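**Q** According to Swiss-Prot, the feature active site maps to Asp172, an assignment based on similarity to another entry. For Glu241, the entry in Swiss-Prot reads active site, proton acceptor. Marked as Zn(2+) 2 binding site by Swiss-Prot: His170, Asp207, Asp270. Residues or ranges marked as Zn(2+) 1 binding site by Swiss-Prot: Asp207, Glu242, His550. Residues or ranges marked as ubiquitin cross-link by Swiss-Prot: Lys17. Among the features that Swiss-Prot reports, N-linked glycosylation site is placed at Asn54, Asn76, Asn335, Asn428. The topological domain 'Cytoplasmic' annotation in Swiss-Prot covers 1-29. For 47-581, the entry in Swiss-Prot reads topological domain 'Extracellular', with the evidence type sequence analysis.
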Amino acid sequence: MTETHHAPLPDVYPSSKQPTSSTYSKCKKFGLPLIGLLTLLLAYISSFTKPVPNSTFDVPASPQCKKPQVYRPSFNKSVNLILNDKQFKIDSIRKLSGAIQIPTEISDTNPLPNDDPEYYSEFFKLHKYFEETFPLVHSHLKVEKVNQLGLLYTWEGTDPSLKPILFMAHQDVVPVNREIWDSWQYPPLSGHYDQETDYVWGRGSNDCKNLMLAELEGIEQLLADGYQTERTVILSLGFDEESSGFMGAKVLAPFLLERYGPDSMFSIIDEGAGLLRLDKNLYIAAAVNAEKGYVDVRISIHGHGGHSSVQPDHTTIGVASELIYMMENHPFDYNFSLDNPIYDVLQCAAEHSGFLPPHVREAILKAPVDEGKRKVLTEFAASHPDIRDLIRTTRAVDVINGGVKANALPGLTSFIVNHRVDIHSSVNETVENDLYWARVIAEKHGYGLTFHDEIIIPETKLGHISLASEKMLEPAPVSPTSGHVWEIFAGTVQNLFQNEILAEQKDADVYVTGGLFSGNTDTKYYWGLSKNIYRFVAGIFPFDQLRTIHSVNEHISASSHVSAVAFVYEYIVNVNEYGHD
């Protein structure tokens, strides 16, 4: 039976406070949709067609990037079936294809579910599809609807004293642009399976109906095998992640927090990176354990308008343009600390791959003990556009408005600056930097300056510049890549790929590291529930496949999809068998 809960909408983001006026009393100068580090590293490494000789630098005899201890579940009744049975794979493809054919598209602005249920009709169809496709899940698990559309599945364990495992995914997908529908190799809502390439095509195939179906199917198979979990297993499915999760995860997370309390989950698994094949034999699984922060700053130049035949030295558009020019030409400093998760990935690549130039490998491996090499490493990362933004705060002017008529001076020009906040910085530090440059321009041109309600420079006869921060999110807490919880997670990944999926590739080497997202997932609302949050989909994802997310020809390997099913199956069992709180 499904229960429905009408939960209130909480505040905008967790752990983000509106900056106070005292924060800004002194101004200081600080000198791709969701992008995972694996995609970025592959973009660089794939530019080399053959290994680079390493005669000028020897890899240390005792590598720091080591294979984790393998965790094998003793209950593995269906692992071989999931990975190798043709009929299971056909059925799994059919289930994923059916979900793709239900267009649960979400826009940037959406009505509340209670206000316009018809708007969400496809989501209700998806819920019905789940009931029909996963009958054991719906007969054995408690199913609750939070804010009408958020789905919460609870598989009660036999020992309520143990922390639950929490899996996440989202039901929604980004809209398909109807104007370029014909650009798709197969119709975007077809869920077409091409046996020759082993690809399932369609919107949501890789973001992230694949993960959602893998979680449901893994649990369904455990139930079919008669498995009884000792530890409670929870599946939380939002419905508006692609528009920041304001009505889905933002309501589901506090609902869980109220029920279970803070730090109540053993671990949280959500969408993220997978395995990257760096060369013929080397695979790196980068479970994203950190995300950058976020803040938009709305900047407005307030003038007095008038007829354009009586022009000032600079219109509000001109002042805004100069401020934008100053900000774009004074980017945030690079800050490559060795505790940045991307260093772990680079370290694995340097120790075990032959594709990096010797001087780069040396810089990576000697960075912990050599300040000069650390500088070389920073310069290397800063010189590659695909990597550099993971070691600094970014600033992009994305929206601008000003002027209404050719012969009328613009009384108001405003623009929005989007920032992705470095994991070693903060929202306050980021906004202070914008405020510094606004003050430079205000003083140069004789304008006043305000931040929210605080008057920094009184308004002048020309007008004033105003700043306001919006949608603030601090960088995510970095989840540990050591300790008991991580060891079970990494050991499950290691066993699944090293000993099962790649078992016939005798010289294959798999390593598991942390990773970093420059974007944000629904996990931003779940920080209070666990310190162990890993954003990971257990599949091998080629670079060309990842590039299709949110784009034309989104697709996924069916083999990668069933490997994700196997991971869910094994991970639940392993945490039950080896986990302790």
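Including glycine, each Cβ sits where the backbone N, Cα and C put it.
On this model, are these features tucked inside or out on the surface, and what's nearby?
**A** There are 28 other Cβ atoms within 10 Å of the Cβ belonging to Asp172 (active site). Secondary structure from DSSP puts Asp172 (active site) in coil.
Of all Cβ atoms in the shown protein chains, 28 besides its own fall within 10 Å of the Cβ of Glu241 (active site, proton acceptor).
Taking Cβ-Cβ distances under 8 Å and a sequence separation of 6 or more, the neighbours of Asp270 (Zn(2+) 2 binding site) in its chain are Phe167, Met168, Ala169, Leu211, Thr521, Asp522, Thr523, Tyr526, Ile533, Tyr534, Arg535.
In three-state terms derived from DSSP, Asp207 (Zn(2+) 2 binding site) belongs to neither a helical nor a strand segment and is classed as coil.
In the three-state DSSP scheme, Asn76 (N-linked glycosylation site) is classed as coil. Other Cβ atoms within 10 Å of the Cβ of Asn76 (N-linked glycosylation site) number 18 in total over all chains.
Its Cβ taken as reference, Asn335 (N-linked glycosylation site) is surrounded by 14 other Cβ atoms within 10 Å in the chains shown.
Following the DSSP three-state reduction, the secondary structure of Asn428 (N-linked glycosylation site) is helix.
For the topological domain 'Cytoplasmic' (1-29), the model's average pLDDT works out to 43.
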**Q** Using the centroid of the Cβ atoms of His170, Asp207, Asp270 as reference, list every other same-chain residue with Cβ within 8 Å of it (recorded Zn(2+) 2 site), in sequence order.
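**A** Here the nearby residues are Met168, Ala169, Cys208, Leu211, Met212, Gly238, Glu241, Glu271, Thr521, Asp522.
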**Q** Could you state the CA-to-CA distance between Asn335 (N-linked glycosylation site) and Glu242 (Zn(2+) 1 binding site) to the nearest Å?
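**A** Asn335 (N-linked glycosylation site) to Glu242 (Zn(2+) 1 binding site), Cα-Cα distance: 29 Å.
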**Q** Give the helix, strand or coil assignment DSSP yields for Glu242 (Zn(2+) 1 binding site).
**A** helix
**Q** Compute the C-alpha separation of Glu241 (active site, proton acceptor) from His170 (Zn(2+) 2 binding site), stating it in Å without decimals.
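**A** One finds 6 Å between the Cα atoms of these residues.
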**Q** Quick one: what's DSSP say for His550 (Zn(2+) 1 binding site), helix, strand or coil?
**A** coil
